[in-house]
Amino acid sequence: GLCCCCCPRCCGERESRTPEELTILGETHEEEDEILPRKDYESLDYDRCINDPYLEVLESMDNKKAQRYEAVKWVMVFAIGVCTGLVGLFVDFFVRLFTQLKFQVVQSSVEECTEKGCLALSLLELLGFNMTFVFLASLLVLIQPVAAGSGIPEIKCYLNGVKVPGVVRLRTVVCKAMGVLFSVAGGLFVGKEGPMIHSGAVVGAGLPQFQSISLRKIRFNFPYFRSDRDKRDFVSAGAAAGVAAAFGAPIGGTLFSLEEGSSFWNQGLTWKVLFCSMAATFTLNFFRSGIQFGSWGSFQLPGLLNFGEFKCSESDKKCHLWTAVDLGFFILMGIVGGLLGATFNCLNKRLAKYRMRNVHPKPKLVRVLESLLVSLTTTVVVFVASMVLGECRQMSSTSHSGNDTLSLQSMSEDVNSSIKTFFCPNETYNDMATLFFNPQESAILQLFHQDGTFSPVTLSLFFLLYFLLSCWTYGISVPSGLFVPSLLCGAAFGRLVANLLKSYIGLDHIYSGTFALIGAAAFLGGVVRMTISLTVILIESTNEITYGLPIMITLMVAKWTGDFFNKGIYDIHVNLRGVPLLEWETEVEMDKLRASDIMEPNLTYVYPHTRIQSLVSILRTTVHHAFPVVTENRGNEREFMKGNQLISNNIKFKKSSILTRAGEQRRRSQSMKSYPSSELRNMCDEHIATEEPPEKEDLLQQMLERRYTPYPNLYPDQSPSEEWTMEERFRPLTFHGLILRSQLVTLLVRGVCYSESQSSASQPRLSHAEMSEDYPRYPDIHDLDLTLLNPRMIVDVTPYMNPSPFAVSPNTHVSQVFNLFRTMGLRHLPVVNAVGEIVGIITRHNLTHEFLQARLRQHYQTI
């Protein structure tokens, strides 16, 4: 393969040997090459915590309130769409302004200097502009490092359920939008489309909160949407709106959110997301049409990136956009696109690793210098290539004739006005300068619609230079998208194929624009490996539904070819950051593992009633984000209950919360006895008579058996000590629920506790709004001043814990565990055995591909 010559190590990722052979040979995967998922990424709490405060909210909810809540959601979604459109408008307006300014100055200087021979001066002018802009973009990234790159990997992680620090802050979106404006205007080979998706997502996360950490003064009393669940739904709407604004593709945006992001997707969300995308597209369209053509209210410019209209000229009857014969060529182009994409990803991965080792540890200024170096190289290459390597081609006389619509005219004018005639005699133009000395969007339009030819040599050189420079640029510390450079690169490749077919194979009927489009799709598909959404985005951008089949086939082939060598570029960058991303499903062989093989059995737990000192020490000495609430199984509970208020509270809670069949039957018969029918009553009485005795015997039997088990006579406020035996450390624990670190900290901050002499009913109660007031940043236990709290006071956590989390049995197969975890968007999954004792906990880290592989190797070794 093409990629293997560039780096044999990338292709080696697919190990040909099975894990059995590897363990026998005593080798494992190349450790230094792989970056393992890091443990410090948290998951989002997508699953609702149904505790007492939440139930109080539900009870106060009637249909009127629920409808009002839904209406507020729709308004929010609309607002997110509009704001995303406005961000796009802002970026587009200023990029256009700066680029026009820059090209006007430089072009007039070039035209003067061609006569006088002072070209070095024009190069310096161009350098001045570009380096200033890139320097500003780099500075903005220093302020908020998350704003670097395209932001799609980060949003992908967020929608997958991982908290990436700072990814949806206000500061991020300001730095992102301003930064991408400067990096695009600074002539780097980056696009403004990827960052639009990130910006949309930030707008989605921030707008419904009505508050911001960067602007602490702004706080409205707006209690809705204070949960990760709502936030994540709004982020998926915002990301979709970003795609919609970037490409004028609302349906493509919706599908993007569905395909790339959300693991959990509900039906109501689809409709809201589509509405949000439509709002974004039409806001952007309305304002851009008004600003550019002065015709307010006519919608002519759907997205930031338009491909123009593909149509044959009326005079040419033999011209078709594509024929069945072309499909064969499209498939071949898909294969080449996949190979080129794999090469691109491979080079970029090595570059990124080099940067992580050699650039990131150094002072921050080094990153700025690297950006400036890239800018310098790009500018010099563009300038020299346009001057030296271009060819003078004949102007095509047949401009589109008889265009009646305004947008078509503007399109062909746009194509013809962006032709550059550097150093060429009259009636000819410089083809290299036409591609390089223009904004990337107009260069793409040139390749799609320009009737005049570009020479094959020019196209090959342009493709090569662009490929290498955009690969080097993606990953420096400026905000940068990858869609447009990939499209431009691919379009040059497609146009080259069309040229070769026309001139050397003599296929005159082919339409060059179609080949340029398919080339663009093949290369972009080979780099990012998206399928459904990319097909729809490209169809919507071209406005040509007949292109559906060729685009889809090309993208599928490109994805399959690329996947043979490595992952898509976004997945590679996610892996390099060590984010524990969950794929769509596990591999088949993982089903040899059970839940008990992958869970973490060493638990830190709290009791239903726990002393403050125990809670504080647990919170300060561990980094876990959730704690199972448990009671211990002791045979001699009766004697224990006499001694200590705290212990008797815990035992009472256990007794009241364990549901027995007899107790349930008794409760039902009580409610049934209120029925008048005597047969029913008799039936219940009979049931009770048959039901109870075995239960009692059973209890006695248990008591007798348990009497002699050597349970340590431990009080719940003693912390586990080191000298214990294995049995003592891993005592059987009855599982009652889960409580989150954030909830415990909130309880401590607000002083929710009772003293030993009082009953637990005297403990103050918190409402749902009070519990979620500090969202999304709960106070850290280490910053709290707990001197005011009496450490001997007791906290009753039972009203605030989640009493009914999803749980699995230890025998559950890994694929079932994985599907439950991923589809429900869980964060912690307790493993509970047949008698209701918790035996371990599964989190996202126990389900990452690397962790499962390691466990599988152990599994083979033990066999």
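Using the three backbone atoms N, Cα and C, a Cβ is placed for every residue, glycine included.
Feature annotations, courtesy of TrEMBL:
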type	residues	note
COMPBIAS	671-680	compositional bias 'Polar residues'
DOMAIN	801-862	domain 'CBS'
REGION	662-681	region 'Disordered'
TRANSMEM	74-95	transmembrane segment
TRANSMEM	131-152	transmembrane segment
TRANSMEM	234-257	transmembrane segment
TRANSMEM	321-345	transmembrane segment
TRANSMEM	365-389	transmembrane segment
TRANSMEM	457-476	transmembrane segment
TRANSMEM	513-539	transmembrane segment
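Counting residues of the domain 'CBS' (801-862) by DSSP class, helix then strand then coil, yields 28 helix, 15 strand, 19 coil. Of the recorded ranges 234-257, 321-345, 365-389, 513-539, the transmembrane segment (74-95) has the largest number of C-beta contacts under 8 angstroms with 234-257. For the domain 'CBS' (801-862), the mean pLDDT of the prediction comes to 87.
If one looks beyond the transmembrane segment (513-539) by at least 6 residues along the same chain, the residues whose Cβ comes under 8 Å of a Cβ in the stretch are 243, 247, 249, 251-253, 255-256, 258-260, 307, 310, 321-322, 326, 329-330, 333-334, 336-342, 344-345, 444, 447-449, 482-483, 486-498, 501, 545, 547-548, 550-552, 554-559, 561-563, 567-571.
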